[in-house]
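To keep things clear, I will list the structure first and then write my remarks on it.
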Amino acid sequence: MPSKENSDVDATQAVHHDLANDDGDDDSVPECGVGRFKPKALRMCATMAAFTGASSGIGLLSSTTTTYVNSQVTTLERHFGFNSSQTGLIMAANDVGFLVVVLFASYITSKLHIPRSLGFLTVMYGLSAIVCSLPQFMFGAPSYSSDVSAQNTTVVTSYSSSRRFGGQLCDGINETGMDCDVKETDIPSGATSRVTSAARTHAGVAMAVIVVGMVLQGMSKAPRSAFLVTFVDDNVEKTRTGFHMGIITTFGMMGPALAFLLGGIFTKMYVTLEETNLHPRHPKWIGAWWLGYLVFGCASCVFALPLFMFPRRIKEPLSEKKSIRRNSKPGVVGELSTLVKGLVGALYRLLSNPVYMCTMLSACALLFSVAGGQSFTAKYIENQFSLTAWRTNLSMAATLLGTACLGTFFGGYVSKRFKMGAVSSLKFIVVMQILSVVATSLGLAFKCEQPNIHNSPGPRAIFEEAMSGCYDGCACDDDDYFPICDGDGRTFFSPCHAGCSGNIGNDYVNCTCIPGSKASAGMCDYSCFMFYPFIASVCASTLFGTLSIIPKLVVYIRCVEDRDRPIALGLSAFMQSLTGWMLAPIVFGKLIDDICIQWENGEDSCTGRGACRLYDNDVFRWKLIGYQALFRFVGLVFTFSSLVIAVVTKKFDSVETENLNTLDAFEQVTRPFKTADKATDITNFPV
């Protein structure tokens, strides 16, 4: 025994000797700076408090930028003609990059200068956001002021003014069968709307650029949490790891709310940032979607700068266990061999563990519901409740900020207050999931009537009967959907289908189908108060889901052996990312495309269908909300199965297991785990 103690002391001294010479840092006085620039004035910043503050900032920005695309779905579709399947692919691209990199995070973490690596990754993250904004600078957007003056009082019928911003007028010209390769400048006055081949090419390039930016985002954020957990855990005492990571996680949870908040502000601005006579309800309104990416990208680059100043290690007291662990590293060949053998054995134990497998499958089903719903809930609200994009985003911000933070906080408090172990946590999770399924299902009851569209060529189950003869001779394009509203609160399919032969700014005149002969751009407002109870159901579902986050962490680390905890969390994170964040947006996007009843360019257009302009709101409700409730129920079934197995096998009945408190649970999750971003980031667990 004495020899073992002596060897432990020698190992500890050797590690401290190595650390003292590492990167030129003094072991007793850590220094901040880059290269030889390490002024004494910056030494006061070489603390974990300063590092936690800097890391909280980048955590907030990273989660904000990731969620921001969800607030801009309809804007991107309107600008480039994307359909929901394409926007789903854009959102999934983020996790493609994540999955490519995350598997290597554990191997490189111990070999890097973590603060500087985090700084580099944050800069890369910022640049990836800027890449997403490039399509606006590459192709621009229609300039309203150059086509239609806000002070214009002349009745206009030219293509550029009446079509681009005002839809087709009743002028007897319909060029539906025009060559797909025609240039926009060659389109005759009064011609119908069709996307030119140049616009189609621009849309394809724009999507490719945004996808590349999203992939880079995923790659740059993948190692972030693994780096943070490693650095914090190696530089503070055991009892303080949860405190520092809790602060960083809390800021990260505010990101989605901030994304929708700023998304609402930016979508209220016109895409070119110029003064226009358009309004957010105008069919041709395009918000400044690119501005958010530019702001978040530049902010990320700025917030990254302090990270380059931190030393490799902040010398706070180390436990002997940590020091010995860092000192006893095998060679590269031995490390790889041990890693492969250990990985195979761990995977076998996990795959044969029914409690773990049921818990993981439950998490995958829940995350599929959450990711799919989160991707298109904003679009659903805009269509179902006839809200503008900016109002929708502000509503989503308020919902996420309040319920997600409160749910996570009180879930952790309940776990700690009652010292919940694995079985008690599973019981709590089952109850919360039942309530979550009920709250989600209630959303099916809150709907608004499908808006009536007059004089439409569509199916009469959706549209009102046409007013016979009032627009004969107008040669209207039945694919040119541009709703207008008359003084009696009736919405017409387009100015042409209302018999309007001219427009004055946003008003249409000489309309033969409208008493008074006048209408304005956009669908009519209709009274529907179901939006507020629907938001209440979303809040309740989110609250019940987030209450389960901390208890679920306890289950994850209690149902496996200590040596299998890292790979258990890593495998779960990988599968959740694969089935949830990557696949769910694509699947839900395809489901939503199938319920479109009016495409921008028509079903048979040689330039592609473009974006969907009108949905069957009743089917939209059943598919989006119904599938969310279905997969939450599937998750409930797996969780209940896990509980039954745990109770029958009595595997977790020991006093030691059941008395595990939340802080100890979090410590045991974060301390050994160095592999996957999403497994250690609480905000990414399914709700």
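Placement of Cβ uses the backbone N, Cα and C atoms for every residue, glycine included.
Annotated region 'Disordered' per TrEMBL: 1-27, in sequence order. Residues or ranges marked as transmembrane segment in TrEMBL: 46-69, 89-108, 120-139, 198-216, 247-266, 286-310, 394-414, 426-446, 530-555, 567-588, 629-648. As annotated by TrEMBL, domain 'Kazal-like' applies to 464-515.
Within the chain carrying the transmembrane segment (530-555), a Cβ under 8 angstroms from the stretch's Cβ atoms is held by residues 355, 359, 363, 366, 370, 377, 381, 384-385, 387, 395, 399-400, 402-404, 406-408, 410-412, 414-415, 420-422, 425-426, 428-429, 432-433, 435-436, 439-440, 442-443, 446-448, 642, 660, 662, 665-666, 669, 682, 685-687, all 6 or more beyond its ends.
Residues 32-34, 42, 45-46, 50-51, 54-55, 57-58, 61-62, 64-65, 68, 71-72, 75-76, 78-79, 115-116, 118-120, 122-123, 125-130, 132-133, 135-137, 141-142, 213, 259, 262-263, 266-271, 273, 280, 389-390 of the same chain, all 6+ positions outside the transmembrane segment (286-310), place their C-beta atoms under 8 angstroms from a C-beta of that stretch.
It is 394-414 that, among the stretches 120-139, 198-216, 394-414, 426-446, 567-588, forms the most Cβ pairs under 8 Å with the transmembrane segment (247-266). Same-chain residues lying 6+ beyond the ends of the transmembrane segment (198-216) with a Cβ under 8 Å from its Cβ atoms: 69, 76, 80-82, 86, 89-91, 93-94, 96-97, 124-125, 127-132, 134-135, 138-139, 183-184, 293, 607-608. Residues 58, 61-62, 65, 69, 80, 202, 205-206, 209-210, 212-214, 216-217, 219-221, 223-224, 227, 271, 289-291, 293-294, 296-301, 303-304, 307 of the same chain, all 6+ positions outside the transmembrane segment (120-139), place their C-beta atoms under 8 angstroms from a C-beta of that stretch. A Cβ distance under 8 Å defines the sequence-distant neighbours of the transmembrane segment (426-446), meaning residues of its chain 6+ beyond its ends; these are 366, 369, 414-415, 420, 530-531, 533-534, 537-538, 540-541, 544-545, 547-548, 551-552, 555, 621-622, 625-626, 628-629, 632-633, 635-636, 639-640, 642-643, 646, 687. The DSSP breakdown of the domain 'Kazal-like' (464-515) into helical (H, G, I), extended (E, B) and coil residues amounts to 0 helix, 11 strand, 41 coil.
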